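Features of the protein shown, as given by TrEMBL:
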type: DOMAIN; residues: 22-419; note: domain 'Major facilitator superfamily (MFS) profile'
type: REGION; residues: 425-451; note: region 'Disordered'
type: TRANSMEM; residues: 57-80; note: transmembrane segment
type: TRANSMEM; residues: 100-124; note: transmembrane segment
type: TRANSMEM; residues: 173-197; note: transmembrane segment
type: TRANSMEM; residues: 239-264; note: transmembrane segment
type: TRANSMEM; residues: 276-294; note: transmembrane segment
type: TRANSMEM; residues: 306-324; note: transmembrane segment
type: TRANSMEM; residues: 330-350; note: transmembrane segment
type: TRANSMEM; residues: 371-389; note: transmembrane segment
type: TRANSMEM; residues: 395-416; note: transmembrane segment
Amino acid sequence: MTSDVLDPSPPTKKQRHRLGRDYGFQVSAYSVQTLGEGVIIATLPLLASKITEDPRLISWVSVAHELPWLLLALPCGVLVDRFDRRRLMLRTQAAQGGLLFCFAILASFGFVQLWMVYLLAFLLCTGDILFTGASRAMIPNLVPRSRLETANGRIVTAETIGKQFAGPPLGTALFAFALPLPLWFNAITYLASLLLLMRINGANGRFQPERPDLEKGRERPKLLAEATEGLRYVMRHRVLGVIVAMAAVSNFGALMALSIQVLFAQQVLGVGDMGYGLLLAAMATGGVAGALVSERIVRWLGARKVAVTVSLGSSLSLMAIGLIGRQPWVVVLLFCVWSAGLAVWNVMAASVSQRLTPDDLRGRVSAGSRMVCFGALPLGAFVGGFVAAEFGLAAPWIAGGAVHLAATILLTPAILRWSDEAVGALPEGETGEPEPTAHEAPEAGSGSGQP
């Protein structure tokens, strides 16, 4: 496998727009895949709402979709660090596409039951863990380190447009026309992503991380120790540990609200299926705008100010939706603040982590971090469903925002103590080395990855 591309000098404007052919195919595949994911994210709750109106049962779709992050993230991280990452992505997309084709056939003949929706959500998320982990781990092998903000900004833009802006309204429109259509569409997106990934041929198409501990003749590390190594690295790191803790609490609070947003839109805002998709698209415009300017904001403000400002703005906007959000336009404006902040946060967190993580730990650091961050999602969705059932559909927004705000107040002192050397990603484009924790600091030329 080729070593990471190193370039400590700040990128010129021309260079920022040229990240290489292989990266172009990767971000294109990721864009297509996330568009399909956005379609299915909007479709599954609607499908469940046609079977039941119980907010707890509908919220369990979100629980099932996020539960693999809690149960399977660490084993998936081991796979990402053991095997060729490009081939792992190819096989994952093929499996997800086959699963969607089978489910679409069942839906076409009216054989869908609620437990099938839960199972589909669980299996698709499992595939996304492998695909996303391998994809993000490859980025520093495709672009220079000084361009990580640019590369991650494009990834976040693609993800925001696909999952939040274009995918949900497309999914609801297809669902309104014919129930199985969004399922067929999602299956086709996996096939298209597969074909694009096959065009990546850098390093002769091989992206196998170097693992001396797995060489022949050496005792293989125990699976449990190997799986938890990335998580231990993050938890002992004073920068990555704080980022992961803040993201986990933010996710918990957000999913308290988002797990019941389809009912909030229908019963509080008074919109139908098509209106719900348009509402989701409008709410995502902030995320698109935030992703487009995220590179400039991160370079201008730096990691410390981004972390504090985004956390305050996001938590307050969620609380405001629950308190005063009774008209669609009010909810759209407030949610745009939240989604814009999320996009900027994601670029900051990804770039910092990629600079602070060695190549052979990339998959496991990503998996361990995401297990904590995304493992909070099903817990938040589970709690949100019960809060909504007991206190009304506005209550999860208020409670979720309050939880995030409390974490922001508690963690801000630790964030303000970060040094420029500690965060590694400076606005001026300098690069930093990770602090030695559970793992030795990487040599020059080693890889880095994102939680």
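The backbone N, Cα and C atoms fix where each Cβ goes, and this holds for glycine too.
Any TrEMBL annotation is an automated prediction that lacks curation.
Small disclaimer: the values here were computed from a predicted structure and weren't measured.
In this chain, the transmembrane segment (57-80) lies close to the transmembrane segment (371-389): three or more C-beta pairs between them fall below 8 angstroms, excluding pairs fewer than 6 positions apart. The transmembrane segment (330-350) and the transmembrane segment (276-294) are in contact, since at least 3 Cβ pairs between them lie under 8 Å (pairs 6 or more apart in sequence). Proximity of the transmembrane segment (239-264) to the transmembrane segment (306-324) is established through 3 or more Cβ-Cβ distances under 8 Å for residue pairs spaced 6 or more apart. Outside the transmembrane segment (371-389), and at least 6 residues removed from its termini, the chain residues within Cβ reach (under 8 Å) are 55-56, 58-60, 62-67, 69-70, 73-74, 231, 234, 244-245, 247-249, 251-260, 263, 395-396, 399-400, 451. Averaged across the domain 'Major facilitator superfamily (MFS) profile' (22-419), pLDDT for the predicted model comes to 86.
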